[in-house]
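Novice: Quick one: the structure is below, questions incoming.
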Amino acid sequence: MSHVVVKNDPELDQQLANLDLNSEKQSGGASTASKGRYIPPHLRNREASKGFHDKDSSGWSCSKDKDAYSSFGSRDSRGKSGYFSERGSGSRGRFDDRGRSDYDGIGNRDRPGFGRFERSGHSRWCDKSDEDDWSKPLPPSERLEQELFSGGNTGINFEKYDDIPVEATGSNCPPHIENFSDIDMGEIIMGNIELTRYTRPTPVQKHAIPIIKGKRDLMACAQTGSGKTAAFLLPILSQIYTDGPGEALKAVKENGRYGRRKQYPISLVLAPTRELAVQIYEEARKFSYRSRVRPCVVYGGADIGQQIRDLERGCHLLVATPGRLVDMMERGKIGLDFCKYLVLDEADRMLDMGFEPQIRRIVEQDTMPPKGVRHTMMFSATFPKEIQMLARDFLDEYIFLAVGRVGSTSENITQKVVWVEDLDKRSFLLDLLGATGRDSLTLVFVETKKGADSLEDFLYHEGYACTSIHGDRSQRDREEALHQFRSGKSPILVATAVAARGLDISNVRHVINFDLPSDIEEYVHRIGRTGRVGNLGLATSFFNEKNMNITKDLLDLLVEAKQEVPSWLENMAYEHHYKGGSRGRSKRFSGGFGARDYRQSSGSSSSGFGASRGSSSRSGGSGYGNSRGFGGGGYGGFYNSDGYGGNYNSQGVDWWGN
């Protein structure tokens, strides 16, 4: 092998210098384009290679003059991913709650739960929203508008609300409004009110909105279906839009610097059930459309991991059940340090379900601002004495608002009570369903979970499209059942009491108490699922010997609501009263305390607002045993009854008087 000495050749030296990765200055500054870059063999000695390693030309450049990448997947100077949008993920993989598209600046589709938030984990908080005007609406989204506002009905009987009496007690009560335009709630709220097709406020909204806008605490007692949810959401969101995020935004930013993802909601709404929490959340989505406010909902029975991921995208208004909220707080995911607005919806129901320890833990034993600093509202259809005493601890110089017949039922609901033995209930139910038509939404209440499954199976084999919900069903199954019912695919829903409170299912035409509850207040909430927000409705209850304990209360309720009272029920109530059966009467009818502000009672036994009427003047008759008068004692002869059953006859008028 021969060794040949090669003379120094300038071109060869240049190539060797280019192969030296550790020498950025080999070319003596004459060829700054190379900067020690390796040149692929197919580009060596070509003129086209001169611009290939230009530091300004492409992503191959690794110049230290830039502290962030500029290509797909790059990082900007603030350490945030260029691929991940700084605005956070959207709602349900379509558009987010404020109308932004799923596509970020580089055309990448947003995938829920796929990290489309910055490293600190709270996208909507950590943008430049502190510099933005929260009162200005964001751009509209036609697709999101269709999703949020496509349904709804204000009701054909809305005018009747003008005559409902209202009683407000408390110092310096703000004057009520007659129209939404009478009070300044901002451009965003007024636009969303128009989209929801609300023409004018209901009585509870007329009084509650100016009270909350005036930053006064409130305890409101209104009939079910009267628009309580909008009564507190509208003024709370209006105030948030006006005031902005305040200190909560800084707290989230500061917290995020250390890798934590704790959220500090500005408003908290507590609800007793998962269904009611989801319903309030959906309403909050409507009224926060085109705003920078992001509502969230957390409840038990669902994947907590998914709920945490949703929270980490930002949370300004939180709707929660008490148990799941305590869990989130103990995990360090929720802080209430900057909560300005607290709402307890269906407060009596939460106490009935045993949530008082959790509520006090949330309100009194954590970091929530004390009363007088935060603004607190309590809403429910009934307010017994225990709830009003709880208000002393949570509310500061509050206003008590009683709308209509407190704890009573709406006159928009036609109530029918029929005597049906247990063995005849299924046959009578089939007759009712046949009379009301297969397209009408019908809600059937039973007392037990087993009874719900059994009745659903019976109706299915009779050819009826039906579904059911109760406490043993998974959250997913319950939500699917409610969706099938709302959409009309399964127009018959069999339910236990889990669905009785707070559910806002539009256009329920008929509520049937297949099994009457033992508590008259539960009866009030059950039949309140129909006749909502001015719509007309019908409630039919099957009564027999097992329901003797609510005879007197049921009679008083029918009289209050100006309903037709069967003569046999009057006779039963009279006899039951004089046998001492009134000992089991509910708190609602024990002097009517839940109907008025306890601060005004001063120990008096006054019956108060909407108190029950006595029945001492009822006819003694011949005793209820011989006065059922339904032909054969069962449902068979009931069609010819003068007082009630005539509307069942297919040859006469229907249930609705047509």
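Every residue gets a Cβ built from N, Cα and C, even glycine.
Below are the features listed in Swiss-Prot for this protein:
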type	residues	note
BINDING	198-205, 222-229	ATP binding site
COMPBIAS	1-10	compositional bias 'Basic and acidic residues'
COMPBIAS	15-34	compositional bias 'Polar residues'
COMPBIAS	44-68	compositional bias 'Basic and acidic residues'
COMPBIAS	93-128	compositional bias 'Basic and acidic residues'
COMPBIAS	601-619	compositional bias 'Low complexity'
CROSSLNK	Lys213	SUMO2 cross-link
DOMAIN	209-401	domain 'Helicase ATP-binding'
DOMAIN	412-573	domain 'Helicase C-terminal'
MOD_RES	Ser2	N-acetylserine
MOD_RES	Lys55	N6-acetyllysine
MOD_RES	Ser81	phosphoserine
MOD_RES	Ser85	phosphoserine
MOD_RES	Arg100	omega-N-methylarginine
MOD_RES	Ser101	phosphoserine
MOD_RES	Ser454	phosphoserine
MOD_RES	Arg588	omega-N-methylarginine
MOD_RES	Ser590	phosphoserine
MOD_RES	Ser601	phosphoserine
MOD_RES	Arg613	omega-N-methylarginine
MOD_RES	Arg628	omega-N-methylarginine
MOTIF	345-348	motif 'DEAD box'
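A description of the local structural setting of each listed feature is requested, covering burial, neighbours and distances.
Specialist: Secondary structure from DSSP puts Tyr198 (ATP binding site) in coil.
A sphere of 10 angstroms centred on the C-beta of Lys213 (SUMO2 cross-link) encloses 19 other C-beta atoms.
Long-range Cβ contacts of Ser454 (phosphoserine) within its own chain (separation 6+, distance under 8 Å) are none. DSSP classifies Ser454 (phosphoserine) as helix under the three-state reduction.
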Novice: Going by DSSP assignments with H, G and I as helix and E and B as strand, what are the residue counts for the motif 'DEAD box' (345-348)?
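Specialist: Its residues fall into 2 helix, 1 strand, 1 coil.
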Novice: May I ask for the distance between Val204 (ATP binding site) and Lys213 (SUMO2 cross-link), taken between their Cα atoms and rounded to an integer number of Å?
Specialist: 14
Novice: Just to verify a number: CA distance, Tyr198 (ATP binding site) to Lys213 (SUMO2 cross-link), in angstrom, no decimals.
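Specialist: So the alpha carbons of Tyr198 (ATP binding site) and Lys213 (SUMO2 cross-link) sit roughly 19 Å from each other.
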Novice: Can you tell which of the binding-site residues (Arg200, Lys228) has the fewest other C-beta atoms within 10 angstroms of its C-beta?
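Specialist: Across Arg200, Lys228, these binding-site residues, the one with fewest Cβ atoms within 10 Å is Arg200.
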Novice: Work out the three-state DSSP category of Ser226 (ATP binding site).
Specialist: coil
Novice: Using a 10 Å cut-off on CB atoms, tell me which of the binding-site residues Tyr198, Val204 is the least crowded.
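Specialist: Per-residue Cβ counts within 10 Å for the binding-site residues Tyr198, Val204 bottom out at Tyr198.
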Novice: Cα distance, Lys213 (SUMO2 cross-link) to Lys228 (ATP binding site), nearest Å?
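Specialist: For Lys228 (ATP binding site) versus Lys213 (SUMO2 cross-link), the Cα atoms are 15 Å apart.
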